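Here is the structure we will look at.
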Amino acid sequence: YFVQPHFILTTTTRNCPGTTSEQAGKSAPCQGCPNQKLCASGATKAPDPAIAEIGEKLSTVKHKILVLSGKGGVGKSTFSAHLAHALASDTTKEIALLDVDICGPSIPRIVGLEGEQVHQSGSGWSPVYVEDNLAVMSIGFLLSSPDDAVIWRGPKKNGIIKQFLRDVDWGELDYLIVDTPPGTSDEHLSIVQYLSATHVDGAIIITTPQEVSLQDVRKEIRFCQKVKMPIIGVVENMSGFVCPKCKNTSQIFPPSTGGAEKMCADLKLPLLGKVPLDPRIARSCDEGRSFLSEVPDSPAAEAYQKIVKSEFVFRKTPTQMSIVQSVTIKGQNKSCVT
């Protein structure tokens, strides 16, 4: 069952070595932990049975795409929402958008579903629908107010992501788009681990042109390489500003080190496209409407459509992520896919 998160603060032991660590239940920080005996028994080192359950649950989803970036504020949620809208414009396709940004769920606002709630059925949680063929799930639907703070440590985040993947009645889908928070931490490890028994097409990496963004995006790319997550390609967001009147382009965020284009050339990654700045995108997101429907002939909308039609987005990646092992990160053992 789900407990309303706005008043919960987990009590995970400080300096916990991790439940899958060889020191689990044995090291000094474990003393006094209510789970010490369980960890020391070795039971926590066994593969999570939810991985196989999720693999079975998502076997009816043809394509799964993660939207990632090491940097915050580059437009991941905006891109994820509009990618889902663009795919759903083909009414013969079934699309779902999963928001795993647990602490900053903005997808409900962007797609115009703020205030909606999730309902339970015999087959699990029912997602909320934007359109007949576009389903959405977010922790934002489980909060009593959009202003509630989710004050959770890793294990709680891990648990809700597991529930989203295993307990939501996704049905048969052509595309599942997963919007993630910035970074390479708990949510990212959890989503990669839980998807390890199913085929994932790969990740689309979002960046902006300036080096302060690119340096964090390179970390995200290294994360994908370490966990053997295929990279579909990179999208450069906020790539210049095209004046809607005179059509001249201004560089609001100058690509001082060559932008995404040079980074992709250096790292031998596909550059899927460049989406220019457009104030109407922000307004559409605030108002919960699809920018692609509001201003279909704008340069930004055309860039989105080009990305969606890209051969890289529609390719079938043969890589099947199937081996789970323990990887040490910052002194803690966490299970992730390799």
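Counting starts with 1 at the first residue shown.
Heads up, the Cβ atoms here are built off N, Cα and C, so glycines get one too.
Nobody curates TrEMBL annotations by hand; they come from automatic prediction.
These numbers come from a predicted model, not from an experiment.
For C16, C30, C33, C39, the entry in TrEMBL reads [4Fe-4S] cluster 1 binding site.
Look at TrEMBL and you will find 62-233 tagged as domain 'AAA+ ATPase'.
Under the heading ATP binding site, TrEMBL lists G70, K71, G72, G73, V74, G75, K76, S77. Listed in sequence order, the residues of the same chain lying 6 or more apart from K76 (ATP binding site) and placing their CB within less than 8 Å of its CB are V67, L68, S69, D179, T180, P182, I206.
Residues annotated as [4Fe-4S] cluster 2 binding site in TrEMBL: C243, C246. Residue environment of C243 ([4Fe-4S] cluster 2 binding site) contains 9 other Cβ atoms, counted within 10 Å of its Cβ in all protein chains.
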Practice problem: Using a 10 Å cut-off, grab the number of neighbouring Cβ atoms around the Cβ of V74 (ATP binding site), all chains included. | Solution: 22
Quiz item: Using C-alpha atoms, which one of the binding-site residues C39, G75, S77 comes nearest to C243 ([4Fe-4S] cluster 2 binding site)?
Solution: G75
Quiz item: Among the binding-site residues listed here (C30, C33, C246), which has the Cα closest to the Cα of V74 (ATP binding site)?
Solution: C246
Quiz prompt | Cα-Cα distance linking C246 ([4Fe-4S] cluster 2 binding site) and G73 (ATP binding site), given in Å to the nearest integer | solution = 28
Exercise. Give the distance between the Cα atoms of C246 ([4Fe-4S] cluster 2 binding site) and G75 (ATP binding site), rounded to the nearest whole Å.
Key: 25
Quiz prompt | Using Cα positions only, nearest of the binding-site residues to S77 (ATP binding site) (C16, C30, C33, C39) | solution = C16
Practice problem: May I ask for the distance between C39 ([4Fe-4S] cluster 1 binding site) and K71 (ATP binding site), taken between their Cα atoms and rounded to an integer number of Å? | Solution: 34
